[in-house]
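Quick look at what TrEMBL annotates:
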ACT_SITE  HIS188  active site, proton acceptor
BINDING   GLY12, ALA13, ALA14, GLY15, GLN16, ILE17, GLY18, ASP43, ASN106, VAL130, ALA131, ASN132  NAD(+) binding site
BINDING   ARG93, ARG99, ASN132, ARG163  substrate binding site
DOMAIN    7-153  domain 'Lactate/malate dehydrogenase N-terminal'
Amino acid sequence: MAPEPKRILVTGAAGQIGYAICPMIARGAMLGPDQPVILHMLDIEPAKQALEGVRMELVDAAYPLLMGVVASTDAEEACKGVDVAVMVGGFPRKAGMERKDVMSKNVAIYKAQASALEKNAAPGCKVLVVANPANTNSLILKEHAPSIPAENITCLTRLDHNRALGQLSERSGVHVGKVKNVIIWGNHSSTQYPDVNHATIDGKPAREVIGDDAYLDGDFISTVQQRGAAIIKARGLSSALSAASSACDHIRDWVLGTPEGTWVSMGVYSDGSYGAPKGVVYSFPVTCKAGTWSIVQGLSIDEPSAAKMKATGDELVEEKALAMECLGEAA
Ligand SMILES: NC(=O)c1ccc[n+]([C@@H]2O[C@H](COP(=O)([O-])OP(=O)(O)OC[C@H]3O[C@@H](n4cnc5c(N)ncnc54)[C@H](O)[C@@H]3O)[C@@H](O)[C@H]2O)c1
Ligand SMILES: O=C(O)C[C@H](O)C(=O)O
């Protein structure tokens, strides 16, 4: 017998990531090929007609796993009974803008939607924040939805993780499926630290296979840090298909588990592991089992890495203060 359908909320569903992720979810890329889903799509009033267009296309695509679509501009209605919430709604960065420029608009949205989720989501709902500033938006959501356990609120750094895997694959000529265990530490911003010190390529240490420490400590890091900006420059729009695909990867691994011997990067509420600041959402290496994530412990950290991990943590503390200021709250 087929399992009961799971309800998945996508906010900002009429936008570009929304348009890419809804069909992926309906095809089973998020919860697996045997799990029926009901899509809840939320957007704002000015996007109502476009949202209806997406709903019509989902019906037209006749997905076997898609058991229903709720398309709404009312956050309370859209959040009713959802098991997974993918929070994409907000304003994207445009060419020439720093992520901080989008902060004031987006944190206010996350404060407002926290209570809609808290009141209406199914118990145990897993939340993934994609909209930027992703770490700080998810922190604001957590602070304003106190009845949702902190461990159920995460942000997307899997895109950065996948970007790092992709770069190592291109450089080594080894298929990306054989590249494992990079780490994204900290913020989903240009201060993030993509760390290859524990990564493997075809089972061997990445540093040994690449054989070029100057590249790994230089261009590799800046390429991953700046990839979002490079996509904006190339497309005139921020990344969408890769963001959507990585968001599916994030939820799939969280719900169904990470493969044995493999970790992934997730932005989670910091417990201070590896000297990260507490009270912010910081990206760590995690493994997932039975719907829960745990931070991989005991990895050796050299001094240059520790300095980069601190710099991105410091930025998150600053972002938190700025967000609180935008919301008129004390940090
Ligand atoms: N974390 C990541 O890795 C990552 C990657 C790519 C993009 N992003 C971010 O994701 C967000 C969405 O990007 P996009 O390219 O889809 O943008 P987009 O502008 O195409 O779509 C955003 C949608 O959100 C809607 N929206 C605005 N306010 C809303 C609200 N209060 N409630 C519900 N919906 C609302 C808009 O109407 C629009 O349809 C941006 O903040 C972008 O910077 C994050
Ligand atoms: O960098 C951005 O503003 C877009 C997004 O966060 C990305 O990483 O592609």
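Each position is counted from 1, following the chain as shown.
Quick reminder: no glycine exception, Cβ is built from N, Cα and C everywhere.
All TrEMBL annotations are machine predictions without curation.
Mapped onto three states, the DSSP output places ALA14 (NAD(+) binding site) in coil.
Counted within 10 Å of its Cβ, the other Cβ atoms near ARG163 (substrate binding site) come to 24, all protein chains included. Cα separation, HIS188 (active site, proton acceptor) to ASN132 (substrate binding site), rounded: 8 Å. Highlighted here are the binding-site residues (GLY12, GLN16, ARG93, ASN106, ALA131, ARG163) whose C-beta falls below 6 Å from ligand 2: ARG93, in sequence order. Checking the recorded positions GLN16, ALA131, ARG163, HIS188 against ligand 1, the ones whose Cβ sits under 6 Å from it are GLN16, ALA131, HIS188. With GLY12 (NAD(+) binding site) as the anchor, the candidate binding-site residues are ARG93, ASN132, ARG163, and the one with the nearest CA is ASN132. ASN132 (substrate binding site) and GLN16 (NAD(+) binding site) are 14 Å apart (CA-CA, integer value). Cα-Cα distances to ASN106 (NAD(+) binding site) place ASN132 within 10 Å, out of the binding-site residues ARG93, ASN132, ARG163.
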